[in-house]
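Down below is the structure, laid out as structure tokens.
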Amino acid sequence: MTQKKHSPSSTRWLKEHFDDQYVKKAQKLGLRSRAVFKIDEIQGKDKLLKPGMTVVDLGAAPGGWSQFAIDQVGDKGRVIACDILPMDSIAGVDFLQGDFREETVLGALLERVGPDKVDVVMSDMAPNMSGTQQVDQARSMYLVELALDMCNQVLRANGSFVVKVFQGEGFDIYLNEIRKLFTAVKIRKPDSSRARSREVYIVATGFKL
């Protein structure tokens, strides 16, 4: 059998991934992904997560953010996580596997949230990348719009929102939408985010009902 050759871009990604200090650090610490260092840095600056809070984590797999969040909110807090991909269980995290773009999955997610509002909505979602920037940007903006819709449905007054967004077409319009809904909005580029990546994190606090 002929071994499949990687494209130049995927070969570069693989080399970056295995040489990445944050990947190595995550493996050494037994963490689920390098993404935990991003939310850790955001938490250090913005103090979004506190004991007893209820958190919704969108695009949760493999579970780095959920793992971090449940450690922050503690036994009296709740983390409700959702992803289209499977995720190994985490003590204290209520995980729903499914595509929350589908009405049945969204309904199940809202049912798990229950009648009480949540304190934080966080989203590290990204689409499956096609390699065509225009297509990928449109897909990613669609996902972040859905995450903002989730805020409108479940976030309590003065709640917080942290979302990964790729800079490009639609970014400025989306940022303005968030500014209308929250009292304070910041853009973060964590040190653990690859410099070449267009990703940034919008951190919004003080949700206006």
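Including glycine, each Cβ sits where the backbone N, Cα and C put it.
These come from Swiss-Prot:
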type	residues	note
ACT_SITE	LYS164	active site, proton acceptor
BINDING	GLY63, TRP65, ASP83, ASP99, ASP124	S-adenosyl-L-methionine binding site
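This view paints the features noted in Swiss-Prot onto the structure.
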residue	record	DSSP class
GLY63	S-adenosyl-L-methionine binding site	coil
ASP83	S-adenosyl-L-methionine binding site	strand
ASP99	S-adenosyl-L-methionine binding site	coil
ASP124	S-adenosyl-L-methionine binding site	coil
LYS164	active site, proton acceptor	strand
Those binding-site residues listed as ASP99, ASP124, and which of them has the most Cβ atoms within 10 Å of its own Cβ: ASP124
For the residue listed as 'active site, proton acceptor', nearby residues of its own chain (Cβ under 8 Å, 6 or more apart in sequence): SER123, ASP124, MET125, ALA126, VAL144, GLU199, VAL200, TYR201
